[in-house]
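Notes follow once the structure below has been shown.
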Amino acid sequence: NVDTTTLSVFLGLIALIILVANSFVIYLFIRTRSLRTITNACLVSLAVSDLLAGLVAIPMIILSFVLQSPVIRIVMDLASRFIAISTVLHLLVVSLERYVMIVFPMKYHALVTPPRVCAVVTIVWVFSLFVDLIQIVWIVDSEPVTLADVVYSFSSFFGIVVPALCAMAVAYVHIFIVLRKQIQQIKKLHSGRRKSTRSEGRAIMIFASMIAAFIFGWLPYFIIGMLQDLQINVYAVLPTTVIILTLFLRFLSSLANPLLYTFFKTDFQLALKK
């Protein structure tokens with residue numbers, strides 16, 4: 001009972017905004033030397049991942065409306081799953097990088113080096129692709145849902161997404177405690193260091209907002225997927241409005257991420273002014 005034409009138009013607009021926003025982030029990083037930091041390199045890798053939402057995932061959804069093809073739907077689900085796993089792992093990498101910088105500042109440059117970060121980001125991409133594409137082994141089965149689907153859905157959520165979110169939660173709690181102590185210790189010192197600490201705190205709030213956008217956008221996707229694999233027809237119970245909302249929320253993270261660190265992260269703001 002949904003006007004797929006209207007839905008496709010709105011999805012197309014979201015895809016366009018995602019493409020423009022993430023492409024602009026990548027452009028700023030390449031163009032501005034001061035932005036070429038380890039943190040921003042991880043964010044740009046995330047931007048490339050988010051770019052795929054507008055380039056592949058959303059177009060596949062629109063095509064599935066038009067063609068009603070099982071193959072298109074498989075590609076659509078593979079693209080969505082890859083973006084979800086890639087996003088949460090990128091956020092984990094960025095969070096751990098901030099954690100080391102703030103909690104272990106004296107060891108940061110020894111532990112976090114460009115080659116190591118490059119290796120970690122490469123692992124994130126390869127692992128995300130592996131976890132995503134492994135479904136192809138059984139996804140072509142004639143059965144609509146197999147035991148492998150159930151095991152895979154629960155394993156990817158409780159084995160990857162939940163542990164990553166828990167690790168980030170612990171890291172940010174510790175970071176906020178350390179930052180609070182630092183602010184108390186430097187109240188009598190010069191304002192330059194105080195501004196630096198405030199800037200770090202602001203960056204942490206941005207990354208925490210990105211994590212919140214991921215949870216808000218992708219949690220319904222994983223929960224509905226697991227229920228569907230358990231033969232619970234969620235779409236027969238949920239109102240059409242809620243189903244459409246969960247579809248749009250799926251790409252909230254890919255849309256919010258570039259906007260958050262482009263317009264609120266200090267170094268990106270300075271690059272924009274220039």
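Backbone N, Cα and C define each Cβ position, glycine as well.
Just so you know, TrEMBL annotations are computer predictions that nobody has curated.
Here is what TrEMBL records for this protein:
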type	residues	note
DOMAIN	21-261	domain 'G-protein coupled receptors family 1 profile'
TRANSMEM	6-30	transmembrane segment
TRANSMEM	42-66	transmembrane segment
TRANSMEM	78-96	transmembrane segment
TRANSMEM	117-140	transmembrane segment
TRANSMEM	152-179	transmembrane segment
TRANSMEM	203-224	transmembrane segment
TRANSMEM	236-264	transmembrane segment
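Outside the transmembrane segment (42-66), and at least 6 residues removed from its termini, the chain residues within Cβ reach (under 8 Å) are 4, 7-8, 11-12, 14-19, 22-23, 25-26, 29, 72-73, 75-76, 79-80, 82-83, 86-87, 90-91, 93-94, 97, 117, 121, 124-125, 128, 247, 251, 253-255, 257-258, 261. For the transmembrane segment (152-179), the residues of the chain that approach it from at least six positions outside its boundaries are 81, 84-85, 88-89, 91-92, 95-96, 98-99, 102-103, 131, 134-135, 197, 200-201, 204, 207-208, 211, 215, 218, 222, 225-226, 229, judged by C-beta separation under 8 angstroms. Remote same-chain partners of the transmembrane segment (78-96), defined as residues 6 or more beyond its termini with a Cβ less than 8 Å from a stretch Cβ, comprise 39, 42-43, 45-46, 49-50, 52-53, 56-57, 60, 117, 120-121, 124-125, 127-129, 131-133, 135-136, 156, 160-161, 164-165, 167-168, 171-172, 207, 210-211, 214, 218, 221-222, 250, 253-254, 257.
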